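S.K.: I'd like to ask you about the structure that follows.
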Amino acid sequence: MRTQWPSPAKLNLFLYITGQRADGYHTLQTLFQFLDYGDTISIELRDNGDIRLLTPVEGVEHEDNLIVRAARLLMKTAADSGRLPTGSGANISIDKRLPMGGGLGGGSSNAATVLVALNHLWQCGLSMDELAEMGLTLGADVPVFVRGHAAFAEGVGEILTPVDPPEKWYLVAHPGVSIPTPVIFKDPELPRNTPKRSIETLLKCEFSNDCEVIARKRFREVDAVLSWLLEYAPSRLTGTGACVFAEFDTESEARQVLEQAPEWLNGFVAKGVNLSPLHRAML
């Protein structure tokens, strides 16, 4: 039997770089919120212990794909603690809607969905804390998708505090370029000393993203899309880009602006949600 599992996008409603550690990682403060839009992962259980990704990504080796890595990590962790039923395996496929290198968390969300779904389907019984800890070894954004609630993140993104920001409507636009995260974080002009503030203070301030100035400077496509969106609504970069988003109070307002978009602007409208569609599907 094949089951389908949501793998939602996320937005960074704000992102501030507060420092850089000796190991090179940047410390930050950011606000994650999910979208009711994303990829869909289909899973069919196998009884011979094999993991097979039926929809490979061009240019990514099978064993390097985050989906496969997540499945194998769960398999090993559960087996090591005697919680993996004999023969547990899976055929996995993905209906990919989220762009790579877009700042929407697609790969991290895929990994989290696989961890949560296979833990349920294989009946391993690992806790959310255990799954989140495993997820952190796959990527800094994986734990928030595992836990499934909008969150204020600190440290390198691993310290999560659940929050409930307003659930607005967003026009999310992809400028047609992919921005590797290191390109932004290695830029010498990236702001790295934004003062730390409490979540209460940050929620009262106008939101912004410290990475935006670098993305706009280095990628004219990002600058062009943001310049157009800013004529209609508050707009900013998500993550390290390349996607940008404009926020609206209603779906109709967002769709009206999308209908006016120039042909070169590729976008979609989605609602911000504080409970992940993955976790809603499991209720």
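Quick reminder: no glycine exception, Cβ is built from N, Cα and C everywhere.
So Swiss-Prot says this about it:
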- Lys10: active site (ACT_SITE)
- Asp141: active site (ACT_SITE)
- Pro99, Met100, Gly101, Gly102, Gly103, Leu104, Gly105, Gly106, Gly107, Ser108, Ser109: ATP binding site (BINDING)
S.K.: Can you list the residues of the same chain, besides Pro99, Met100, Gly101, Gly102, Gly103, Leu104, Gly105, Gly106, Gly107, Ser108, Ser109, whose Cβ falls within 8 Å of the ATP site's Cβ centroid?
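M.R.: Filtered neighbour residues, in order: Ala9, Leu98, Gly239.
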S.K.: If H, G and I count as helix, E and B as strand, and all else as coil, what does DSSP give for Ser109 (ATP binding site)?
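M.R.: Its secondary structure by DSSP: helix.
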S.K.: Compared by Cα position, which of the binding-site residues Pro99, Gly101, Gly107, Ser109 is the closest one to Lys10 (active site)?
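M.R.: That would be Ser109, the closest of Pro99, Gly101, Gly107, Ser109 to Lys10 (active site).
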S.K.: How big is the Cα-to-Cα gap, in Å, between Gly103 (ATP binding site) and Asp141 (active site)?
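M.R.: A Cα-Cα distance of 11 Å.
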S.K.: Around Gly107 (ATP binding site), how many other CB atoms lie within 10 A of its CB?
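M.R.: Excluding its own Cβ, Gly107 (ATP binding site) sees 23 Cβ atoms within 10 Å.
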S.K.: Whole-number Å only: compute the distance from the Cα of Gly107 (ATP binding site) to the Cα of Asp141 (active site).
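M.R.: Here the two Cα atoms are 9 Å apart.
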S.K.: In the structure shown, which of the binding-site residues Gly101, Gly103 has the fewest other Cβ atoms within 10 Å?
M.R.: Gly101
